[in-house]
Amino acid sequence: MASSNLIPAGDFRSSYAADTTIFPTSTSRNFAILGVALVCFAPLVLTEYWLSILIQIGIFGIAALGLNILVGFTGQISIGHAAFFLLGAFTSAYLSNHLPIPVFFAIPLAGLVTAMVGLVFGLPAARLKGLYLVIATLAAQYILIDFFSRAEWFTGGSVPAMANPFSIFGYVLRGDRQYFYVVLAYVLVSYMLVTNLMRTRDGRALVAVRDHYLSAEIMGINLTKYRTLSFGLAAFFAGIAGALYAHYQLVVSNEGFGIERSILFLAMIIIGGTGSIMGTLMGTAFVVLLPEAMEWLSMELKGGVIDRALQLNTNLTFLREIAIGLIIIAFLVFEPDGLAHRWRQIKAYWKLYPFSH
Amino acid sequence: MNSQLLIQLLVNGLVVGTLYGVVAMSFVLIYKATQVVNFAQGELLLIGAWVCWALLAKYQIPFYFGMPITLAFMFAFGILVQIIFLRPMIGEPIISVIMVTIALSTVFQAALKWMFGTSPQPFPQIFTSQAVSIGGLQIQTVYVMSLVVSIAMMIGMAWFFRVSKYGLAMRATAFNQQVAQSLGISVKSVFAMAWAISATVSAVAGVVVAVVNGVSSGLSAYGIKVFPAAILGGLDSIGGAVLGGIIIGLLENFAQFIDSEYLHWGNLYEVAPFYVLIIILMIKPYGLFGTKDIERI
């Protein structure tokens with residue numbers, strides 16, 4: 001962890017527990033708790049619009065977290081993440097509609113089902129290197145989306161599937177303001193789970209597989225097991241996020257979950273920083289806010305010279321895609337460690353503020 | 001059993017398959033020479049087709065001028081893409097390089113939609129006669145043309161790598177970059193040339209498809225079909241890529257036949273190659289002709 005560079009001299013960790021602690025100082029822990037407490041008040045002060053953006057960041061953040069386990073920590077790559085997201089959404093909708101399972105349990109169950117399917121697609125690639133997994137997941141993307149449009153019993157075919165609203169002990173949550181807390185709870189739990197995973201033997205094994213898989217294998221790490229495990233985990237979080245999305249939108253359809261969405265998920269973790277847990281959330285926020293910012297910008301420019309030259313309004317979707325693509329390339333070339341790295345540098349700068357060394 | 005339909009579909013599969021083969025060949029060319037997995041191959045096809053369409057339909061340039069201009073443009077375009085986007089990525093992890101090409105495909109796709117719109121455009125008529133009869137089978141002229149062009153490109157490619165000095169330099173670079181460099185081969189220019197040739201060949205395939213089906217963004221699907229073809233043949237075998245392409249083309253149309261005659265699932269045409277892809281990855285991951293990756297520690 002690069003952040004540990006900022007610990008003052010003389011602060012020696014004398015036990016493994018101290019070395020892997022999440023919060024190096026009590027101040028950082030207090031700030032984290034304070035931050036979460038502040039977010040809890042968000043539904044009371046924010047407008048519906050900003051709340052919906054926060055919910056989207058939360059949901060896509062969970063999916064991106066799963067992808068970051070696969071890409072950032074294990075060094076594999078998947079371009080079928082959107083299909084798994086959608087699978088989670090359909091599964092949860094199906095479970096809560098057709099079987100006597102309340103939504104509260106349907107969401108984690110959907111995650112498990114998605115993880116199982118993810119394992120099936122991950123198995124052929126588990127014994128191979130990154131490149132082949134890319135191609136296997138590409139196939140997964142097309143096969144799954146094709147399956148969704150075909151399986152009417154499961155998805156409703158051309159008619160979008162309906163999903164029940166979230167309910168807990170018979171109390172039905174309605175509206176964004178109440179659903180926000182569900183998403184927040186899931187975000188907190190999944191981010192804490194993954195943070196803790198990375199402190200365990202299994203988490204370190206994943207990183208070892210990424211850094212040098214031959215050395216990892218020689219050190220007694222079962223490559224197949226950990227590659228498959230990371231693929232299953234990635235699918236699991238995609239499924240959870242998809243299920244949350246289904247019960248947020250209340251309808252699920254194939255629309256908008258093609259390969260472009262998978263690329264968007266990859267963009268989130270690249271912009272945020274591959275292999276950084278908090279970076280994932282930053283990257284997600286960036287990708288979710290980018291279209292909004294572009295929308296706002298085009299409104300500002302409306303009627304101006306640039307607007308007339310580029311016909312912004314009609315072409316906004318294309319411009320957005322171009323921007324996303326160029327931003328991914330720019331981050332890969334100029335800032336491969338993503339926003340998380342930039343954030344650490346800003347923190348370091350202020351810590352040492354008047355003296356730069 | 002509708003044998004007339006079967007034969008028609010198989011001919012169709014052969015024609016489409018050779019095109020897949022050509023695109024897969026140019027994909028493998030980039031992979032072999034520069035170790036870049038190019039997810040923007042389909043977009044190169046699309047760019048070639050749109051440029052040719054714009055020259056022919058918008059600026060009313062005759063085909064025999066328009067086509068060389070398109071090819072020259074694509075040659076320069078390939079070099080530019082390599083220099084601007086992929087040269088900075090040399091030495092980066094393979095995942096980053098893959099991501100750059102994925103991002104490039106998004107950018108190209110969106111930029112083309114922005115410039116040419118989303119609706120498909122018919123290609124200007126190039127041949128006058130519509131169909132020829134071969135062995136009692138009506139075959140459209142464009143299909144014959146497509147087959148001839150594809151095979152010509154394959155032969156041209158084979159000649160280039162077997163005989164020409166530059167092709168030899170490329171093979172040397174693909175074999176071992178450091179040794180090639182020490183023998184005086186400019187690896188940089190070989191990289192750029194690989195992209196240029198690949199882009200040009202893809203553009204020819206793109207124009208051929210456009211002549212048959214018209215230009216639309218769906219053309220870039222050929223870039224996705226490259227993966228089943230290239231994996232089937234082995235990622236680093238050019239001959240394998242050609243054969244893989246033909247097999248995938250035939251298989252697609254055979255799936256279409258089975259589907260329309262017996263199963264009636266619909267859409268099997270499009271997904272069948274991906275099922276095959278998963279099966280190949282499970283049983284023979286290095287393809288039919290690919291070199292097995294043996295690692296020394």
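In case you wondered, yes, glycine gets a Cβ from its N, Cα and C as well.
Copied over from TrEMBL, here are the features:
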TRANSMEM  B:9-30  transmembrane segment
TRANSMEM  B:36-56  transmembrane segment
TRANSMEM  B:63-87  transmembrane segment
TRANSMEM  B:93-112  transmembrane segment
TRANSMEM  B:142-161  transmembrane segment
TRANSMEM  B:192-215  transmembrane segment
TRANSMEM  B:227-251  transmembrane segment
TRANSMEM  B:271-289  transmembrane segment
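Relative to the transmembrane segment (B:9-30), the listed stretch B:227-251 leads the set B:36-56, B:93-112, B:227-251 in CB pairs under 8 A.
Note on the transmembrane segment (B:36-56): residues 23, 26-27, 30, 62-63, 65-67, 69-70, 73-74, 77-78, 81, 86, 89, 94, 97-98, 101-102, 104-105, 108-109, 112, 115-116, 121, 123-124, 198-199, 202-207, 209-210, 215, 217, 219-224, 226 of its chain, located 6 or more positions outside it, place their CB under 8 angstroms from a CB of the stretch.
Against the transmembrane segment (B:142-161), stretch B:192-215 has more CB pairs under 8 A than any other of B:63-87, B:192-215, B:227-251, B:271-289. Residues 10, 13-25, 27-29, 31-32, 154, 157, 161, 174, 272-274, 276-277, 280-281, 286-291 of the same chain, all 6+ positions outside the transmembrane segment (B:227-251), place their C-beta atoms under 8 angstroms from a C-beta of that stretch. Tertiary proximity for the transmembrane segment (B:271-289) is limited to same-chain residues at least six positions away from its ends with a CB under 8 Å from its CB atoms, namely 225, 227-235, 237, 239-240, 243-244, 248, 251-252, 255.
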